[in-house]
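**Q** Relevant sequence annotations retrieved from Swiss-Prot are reproduced here:
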- R23, E80, K120, K454: (6S)-5-formyl-5,6,7,8-tetrahydrofolate binding site (BINDING)
- 216-377: domain 'TrmE-type G' (DOMAIN)
- N226, T245, I247, T250: K(+) binding site (BINDING)
- 226-231, 245-251, 270-273, 335-338, 358-360: GTP binding site (BINDING)
- S230, T251: Mg(2+) binding site (BINDING)
Amino acid sequence: MSHNDTIVAQATPPGRGGVGILRISGLKARDVAQEVLGKLPKPRYADYLPFKDVDGSALDQGIALWFPGPNSFTGEDVLELQGHGGPVILDLLLKRILTLPGVRIARPGEFSERAFLNDKLDLAQAEAIADLIDASSEQAARSALNSLQGAFSARVNHLVEALTHLRIYVEAAIDFPDEEIDFLSDGKIEAQLNGVIADLDAVRTEARQGSLLREGMKVVIAGRPNAGKSSLLNALAGREAAIVTDIAGTTRDVLREHIHIDGMPLHIIDTAGLRDASDEVERIGIERAWQEIEQADRVLFMVDGTTTDAVDPADIWPDFIARLPKNLPITVVRNKADITGETLGISEVNGHSLVRLSARTGEGVDVLRNHLKQSMGFDTNMEGGFLARRRHLQALAEAAEHLEQGKAQLLGAWAGELLAEELRLAQQSLSEITGEFTSDDLLGRIFSSFCIGK
């Protein structure tokens, strides 16, 4: 599909509504206005008039907005038709527009993609549009808006600019080796490099917070049957999301709940009780439980406190611990403290966190909530933050690695050429965030996840 085509799509959600909006962008948008409206509206003024069919009869009436390029969202000529939000009406109007030559249905995210290609947005800002639409909390929405307004891009561009100046200095030292002053060893380059590394570390810290806001934390509740896993899911969710009985093996499939702890999304997964099962349905549920455990950010190892006094997970169930993926964080949750009389709270046992609570009464659950928030390093007091994606974290990590490699070359061998190459690679990694250096495949993956009308 060509970017020279004129595209059209519904910009409002499908289904019935008070208002339905069709968006048209491209060279033929002017022709669409002439054919459907009978005239070209005054730029950036709301015009109330009928929307006409091929034979001149009215299909609907509403507001038309005309944004001639380059002063539009996409940078192209853009026409918006705001009519009644009935699916039949919008479908008739869409079919009418598609009868015109050179007009086609937009691909998902194509309006935002054209805005990016026409330098109306950088890539991080374009992604922020989708993140703002998908925001699951007020804090996530505010951070996504900050990204859309350029907060994240400004931080990245500052780093790129600092690297550009540093590269100029290093290249000069390489090109003029006969100067009386040895620029590579006089300490100035090292000082500037340390400054860039410190600034990058600060951006990475904020980006990790932004990623938590966007992606959340996947927590799997696992343990033996009847340990209270479903009761804990209900306590964390604040509602009866799972069936709770005294019958072992009640939960046979994976149950998912999405909650927020002070703005941080938490994806809680309740799993079937782990045991050697002869029942085929239960056996499948247990296999699914292990699949979820292997993909978790943290596992809550649920223990029935009435069955054992052990607190070390290796003593409680060594086979379970042995099967866990290496380096997967676990929190031991000793349940039924209301029966055992154990002191509620959190402690450390052989490097593992141990929480004592009662899922049935809810006592101690707030301690667990706070522990989950702290274990992910989530800071609820960070103001003016931005949202970040996993690809952003990866790009920042790659840039940091190149800078550390460059510093090692500088201090170890005064190797200016190798330092210059590491600085170039770091700059390239950062530029991938804003799209100044990005492959077509990556662009395709990013924009294909957008809404059709975006």
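Using the three backbone atoms N, Cα and C, a Cβ is placed for every residue, glycine included.
How buried are these features, and what lies next to them?
**A** Look at E80 ((6S)-5-formyl-5,6,7,8-tetrahydrofolate binding site): DSSP puts it in a strand. The Cβ neighbour count for E80 ((6S)-5-formyl-5,6,7,8-tetrahydrofolate binding site), using a 10 Å radius over every protein chain in view, is 21.
According to DSSP, N226 (K(+) binding site) sits in a coil region rather than a helix or strand.
DSSP assigns S358 (GTP binding site) to coil, not to a helix or a strand.
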**Q** Return only the integer: C-alpha distance in Å from N226 (K(+) binding site) to S358 (GTP binding site).
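**A** One finds 13 Å between the Cα atoms of these residues.
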**Q** Would you count the other CB atoms within 10 A of the CB of K120 ((6S)-5-formyl-5,6,7,8-tetrahydrofolate binding site), including those on all shown protein chains?
**A** 19
**Q** According to DSSP, does K336 (GTP binding site) fall in a helix, a strand, or coil?
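**A** DSSP call for K336 (GTP binding site): coil, neither helix nor strand.
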**Q** Neighbour count first, Cβ atoms within 10 Å, every protein chain included; then name which of R23, K229, K336 tops the list of binding-site residues.
**A** K229
**Q** I'm checking region-level scores; what's the whole-number mean pLDDT for the domain 'TrmE-type G' (216-377)?
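**A** Mean pLDDT, the domain 'TrmE-type G' (216-377): 85.
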**Q** Just how many other Cβ atoms lie inside 10 Å of the Cβ on S230 (Mg(2+) binding site)?
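**A** Excluding its own Cβ, S230 (Mg(2+) binding site) sees 24 Cβ atoms within 10 Å.
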